[in-house]
Amino acid sequence: MDKRISIAIDGPAAAGKSTVAKVVAKQLSYVYIDTGAMYRTLTYAALEQNIDIENEEKLMEVLQSIRIEFQQGKDTQQVFLNGQDVSEVIRTPDVTNRVSIVAKHRLVREEMVRRQQELAAQGGVVMDGRDIGTHVLPNAEVKIFMLASVEERAERRHLENMRKGFSSNLEQLKKEIAQRDKLDSEREVSPLKKAEDAFELDTTSLSIEEVVRNIMAIVSEALQK
């Protein structure tokens, strides 16, 4: 199995993309690239500098001045901002509730896509996000579009928040996730949408193991081609 392909996993907020993508990458010994973490890191950096996240020009100045890197830790992938581990702080509700605003800016997305394509150039990657199959890796050999109900996604995010010790309100999360869906699907630049050649996977009633099994079956088929 020497062939190394690119795998694009897209879907709305809290659909379980990152969790599944990490497992798939590990099973294949591929590199996992969390594009959402890149936007989160920029959001965190902008908030730290009190930058108005509606101001694209200011955001671009921040983006050009920062280095975002990934390192594979023992069990998880770590995200570094200018050499500092920000894996946990970019997952706080503060960042989560603002990242869609940062991600809607055209110039920001263009620069992020350039960086993401650079990271994926060698193949052997699993990349997840909102526009991977449609925009970042349009030629990916495997494209997955993960779906789940707002209720299910809010429940997952709620449990994740509780586990991390963040305060969490399930009803509030439902509203926030629905709002992020709206922002992500209606933005002018690379909106969230399923690529025509993507496999759609509704994960509402599936366990992580079942989702991974489904994806690995699709990958195995692609590797035979």
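Cβ atoms here come from the backbone N, Cα and C positions, even for glycine.
The feature ATP binding site is assigned by Swiss-Prot to GLY11, PRO12, ALA13, ALA14, ALA15, GLY16, LYS17, SER18, THR19, with sequence analysis given as support.
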Starting from the Cβ centroid of GLY11, PRO12, ALA13, ALA14, ALA15, GLY16, LYS17, SER18, THR19, which together make up the recorded ATP site, report each further residue of the same chain whose Cβ lies within 8 Å of that point, ordered by sequence.
ASP128, MET146, ALA148, ARG153
Around the Cβ of ALA15 (ATP binding site), the count of other Cβ atoms that are within 10 Å:
26
Just jot down the residues in the same chain as ALA13 (ATP binding site), at least 6 apart in sequence, with C-beta under 8 A of its C-beta; none if empty.
SER100, ARG153, ARG157, ILE177, ARG180, ASP181, ASP184
Neighbour tally for LYS17 (ATP binding site), based on other Cβ positions within 10 Å of its Cβ:
27
Is it possible to get the count of other C-beta atoms within 10 angstroms of the C-beta of GLY11 (ATP binding site)?
26
Number of Cβ atoms other than its own within 10 Å, given for THR19 (ATP binding site):
15
